[in-house]
Amino acid sequence: MESALSLSTARMLARSPFQLHGRSLFGLLNIYPQFRRNINYYLPRFPFKSHARHNLQVSASISARPSSELRKKPNNSEPDDKLAAIRELFVRPDINIDAYIIPSQDAHQSEFIAECYTRRAYISDFTGSAGTAVVTKDKAALWTDGRYFLQAEQQLSSSWILMRAGNLGVPTTSEWLNGILAPGSRVGIDPFLFSSDSADELKEAISQKNHQLVCVYDGNLVDEIWKESRPKPPNRLVRVHDLKYAGVDVSSKLSSLRSELSDADSSAIVISMLDEIAWLLNLRGSDIPHSPVMYAYLIVEIDGAKLFINDSKINPDVMDYLKNAGIEVRPYESILSEVESLAAKGACLWLDTSSVSVAIVNAFKSACDKYSDTSGNVNKNKKTAANGPVNKSRGPAAVYKSSPISFAKAIKNEAELEGMRNSHIRDAAAIAQFWAWLEEEIGNGAILTEVDVADKLLEFRSRQDGFLDTSFDTISGSGANGAIIHYKPEPNNCSIVDPEKLFLLDSGAQYIDGTTDITRTVHFGQPSSWEKECFTRVLQGHIALDQAIFPDNYPGFVLDSFARSSLWKIGLDYRHGTGHGVGAALNVHEGPQSISFRFGNMTPLLRGMVVSNEPGYYEEHAFGIRIENLLCVKEVQTPNRFGGVDYLGFEKLTFVPIQTKLCDLSLLSTTEIDWLNDYHKQVWEKVSPYVEGSAYQWLKDNTRPVVKP
């Protein structure tokens, strides 16, 4: 397989983790000011401005409906009790609000969060990873995206209105609040759970009706009603991520970051994204299910660094490691006081307002007001990536720019890529063992639930060297459940795996050296001609994206239509992006790159980035189809180089057979059949040495070449 990095690129990365082709990876943000932190192919955040929804306007002929109208379901009084309890808090003199917004995120804008922070799930009973709940004195509504419409219908009680975000006629949260609240109302938020940007957008949007945004600092209101039943915060030990997997040591990373601070006329930076902290410090944790990160903040200054974390998570070896790297440990809760101290010292603080909470940003702003320069003027200059040098006055100042770490982390060095390759081969061996077992069990008439299947897959994976955890909750969906894009089977609420229906399995793992994410759709019996056509068209889109060649520095949205074209030809589509970034032994969803129809993300795809390739098709209440591999962006040689630019393509990381029984070979071109046969040849050559017995035979049977009829 061709290396994803050229020799010259590898040498540059060896000199500095933030340099690519002689250009700072941080500096690339200056070329693309549109970059936004942690943008992926989903809609995990719900912007408050309507232009984020392609300027959809609320239609008088289309309105949201209560969940009770969407499906037959017995009334559940418990959510009403929770809503009544939280509404009682609204009228307290120290709170005094008319509405309260409950997002999905924790204080670090994480997609996956610890159980103690699942406040939106607690108040609404909707457990999908993306959504926003809004409670007023007499109404409650929940917004989620197309991946979760069916799940939300099933989980929300009749007390809730389901808002299908992005659909025609569905208002945004701010539009809805402006429409139902009396002018001059007070809308409350927990300022630790909203980024500064999202809070500013919300404040501006609701000001149209003279509503006031109220930051409720004295505790989260959901926590107050959750009380003793709320799970305890995680307190697991942190570990050092071995240099042979990280590729670059922490001192080199910190040195490069400090050079970027100096270039930006900054003296310090606040880092709140957990995967950025883990990557920068070569640390890993297990505070959050599926994500090897730890709850912490980090402040890096020109002459030092402070890690804000519960010190019970730091064993003596890790403490020595941090001391040797010049990193002090401070209590997690002291982040605001330290930010205020930076203002007192006259710091010029780099803040990424798309990820840092409004609580932190406001704390620094207030401290700046207090610690003004000698002339009595506070230096409040707001500098973006395109501006010139900041004001050189002695007062504290803020530099508002995108996090430089996000982009540097996205471009994997050779050690990280090698870990990803190796972990994917071990993962493929476990999956081959699993499929061999499952097909035999189904063939013998075994009755297995979707949970039984997911648990067995975990068992096979856990036997592999370096296995740590799943990288997300396994999506094991038989028949109609496969159409729920992020379906999670529960022991007391799941289906039997039906051999006469399509079965979709989307799963992934965290290994010590890499992160995997793979989806396969199979049929254990005889698929219908329609199922085969849909599957084949999804496969054609998968192949088209895999084979794509494109100019360097092109954003991912340019490629999204490659994966949809075959479906579009017969009027079909899917309601999710085609590809998300993936971390190296880190979060399975990472930004800033993506491949999506949401064309606002201008992040270029660059050599060393890892993305998923996962087109699909879903028929509600019938079946779901998705085919997913992970890819690494690599340089390719082309006969010409128009404009003198380099051209890029993809290297496959995932090697698991695609079920050919589901293919309508008459629809596939000769080139597409060649791709399928070549892929299966690679699967056999790479994975067969790691399996034996029935798994070996299964792999052999499922990688045989096919011939166009």
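Quick reminder: no glycine exception, Cβ is built from N, Cα and C everywhere.
All annotation found in TrEMBL is predicted automatically rather than curated by experts.
A quick note: this is a predicted structure, and the numbers were derived from the prediction, not measured.
Listed in TrEMBL:
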- 96-209: domain 'Creatinase N-terminal' (DOMAIN)
- 418-635: domain 'Peptidase M24' (DOMAIN)
- 647-706: domain 'Peptidase M24 C-terminal' (DOMAIN)
Averaged pLDDT, computed only over the residues in the domain 'Peptidase M24 C-terminal' (647-706): 98
Structural state census, the domain 'Creatinase N-terminal' (96-209) (DSSP three-state): 41 helix, 23 strand, 50 coil
Counts by DSSP class (helix H/G/I, strand E/B, coil) across the domain 'Peptidase M24 C-terminal' (647-706): 33 helix, 6 strand, 21 coil
